[in-house]
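To start, the structure under review is shown below, and the notes come after it.
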Amino acid sequence: MSVKATVALVGRPNVGKSALFNRIVGQRISIVDDTPGVTRDRIDGKGEWSGHSFNLIDTGGIFDEEDDILKQVVIQAEVAIDEADVIVFVTDGRDGITPADEEVAATLRKTKKPVLVAVNKSEGNYDQYAMEFYQLGFEQVISISALHGTNTGQLLDEIVELLPEQEYEELNYHEDDIMLSVIGRPNVGKSSLINKILNKERLIVSNMPGTTRDAIDTVIEREDQKYVFIDTAGLRKKSKIDERLEKYSVIRSIKGMERSNIALLLIDVTKGILEQDKKIAGLAEEKGKGLIILLNKWDAIEKDGKAGDKYYETVRLELPSVNYAPIMFLSAQTGKNVEKIFPVIDKVSKEHSKRITTADVNRVIEDAVNYTPPPSKKGKRLKIYYATQVRTRPPTFVLFVNNPELMKNSYKRYLQNQLRRAFGFEGTPIRILERVKQRR
């Protein structure tokens with residue numbers, strides 16, 4: 001497996017970062033509005049240009065409207081320096097250079113990473129707008145219109161020219177090694193959990209360069225199985241950005257999950273399920289990762305005989321999209337139940353890689369359809385001719401049907417539940433895709 005390079009968009013609110021993000025990613029997955037500081041849920045996407053692909057993050061998406069603008073731009077620049085291979089500093093040509101732009105520039109000048117200045121909203125006067133922004137001290141300045149697409153091709157040419165010559169290759173990992181990311185909000189105990197695992201598992205532990213960058217993975221060998229904890233160095237170092245900006249944890253979680261098969265989502269049980277917990281859980285599902293939910297700081301909870309059941313039900317209620325994920329109660333601080341993580345990891349890894357025979361898949365789908373036929377849509381009814389599994393990690397099934405548009409989400413969930421009932425799939429999302437059955 002290889003890791004794509006990362007490009008970060010930086011800039012004050014309302015300079016057009018969202019419009020440029022959408023232009024590069026090629027689909028409208030973020031809100032574009034003229035109100036300064038409009039926030040978005042989606043902050044990552046995939047960019048492709050001239051045969052190169054890269055991860056794209058919009059650092060502006062990690063802020064709320066009420067955040068101070070100067071605080072925003074400085075932290076954006078720090079996030080970009082921390083996470084990106086190439087930084088695109090987006091400005092507004094019509095406004096000229098503002099104090100916030102100067103703050104960003106001052107921070108970015110401290111890095112050795114390549115910085116491109118994209119002077120947006122330069123319609124009608126591209127050369128003149130670009131000249132002013134050379135004052136910020138960067139060599140490459142390009143005037144663009146993200147809205148109309150003018151010169152965005154030139155910008156992308158420059159971006160791919162600056163990307164690392166090769167994708168970061170993972171070293172010495174075997175397909176059977178279990179790749180794990182520890183994800184969650186700041187201060188939920190991620191570094192404590194890693195340290196406790198390493199202290200408890202007095203086994204073969206080695207630190208490996210996870211990529212040709214400076215990420216360090218920790219490899220544990222246990223009963224002939226290798227477990228690779230991704231970027232443990234990054235987890236152990238306290239990020240000043242994390243401390244000041246909780247939403248930065250979403251970017252960190254995205255990056256950790258890119259290389260993992262299974263994500264361990266750590267939640268502080270004393271705080272309950274917060275919005276960032278929900279976002280990070282949703283990312284794990286969206287990216288098709290196996291998932292284990294770890295309720296940390298269980299030692300700090302006053303317990304009666306029903307405490308475990310109560311918290312279990314709360315998690316299921318608050319995180320319905322990942323109701324397949326096993327839930328564990330533990331204390332990273334005291335080590336309680338930490339040693340029980342590995343058998344659950346083994347189980348989820350097996351389920352994530354599970355393959356079902358075509359005959360068994362069709363038997364379950366046929367029984368499900370006979371028991372509850374597909375609902376009609378505009379007077380037409382979905383017909384499912386046959387099904388087969390086409391991928392693992394996550395398990396993915398294709399249904400050959402008369403018309404994919406007749407598949408309702410509610411019926412797809414019903415079929416997913418029937419597959420789970422028959423085959424398990426604990427801890428892993430499953431995908432169902434529809435294809436038109438070709439006539440002979």
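Note: Cβ is positioned from N, Cα and C throughout, glycine not excepted.
Features reported for this protein in Swiss-Prot:
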- 11-18, 58-62, 120-123: GTP 1 binding site (BINDING)
- 184-191, 231-235, 296-299: GTP 2 binding site (BINDING)
- 5-167: domain 'EngA-type G 1' (DOMAIN)
- 178-353: domain 'EngA-type G 2' (DOMAIN)
- 354-438: domain 'KH-like' (DOMAIN)
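Cα separation, K190 (GTP 2 binding site) to N14 (GTP 1 binding site), rounded: 35 Å.
In this structure the alpha carbons, written CA, of G11 (GTP 1 binding site) and N187 (GTP 2 binding site) are 27 Å apart.
The predicted model assigns the domain 'KH-like' (354-438) a mean pLDDT of 94.
With all protein chains in the displayed structure included, the most crowded Cβ environment within 10 Å among the binding-site residues N14, T59 is that of T59. Take the Cα of W298 (GTP 2 binding site) and measure to each of the binding-site residues N14, T59, S122: the nearest one is T59. In the domain 'KH-like' (354-438), the DSSP tally of helix, strand and coil residues is 32 helix, 24 strand, 29 coil. A Cα-Cα distance of 26 Å separates K17 (GTP 1 binding site) from G184 (GTP 2 binding site).
Note on proximity: among N14, T59, S122, the binding-site residues of the record, the Cα nearest G184 (GTP 2 binding site) is that of T59.
When the Cα atoms are compared, T59 (GTP 1 binding site) and N187 (GTP 2 binding site) turn out to be 21 Å apart. According to its DSSP assignment, N187 (GTP 2 binding site) is coil.
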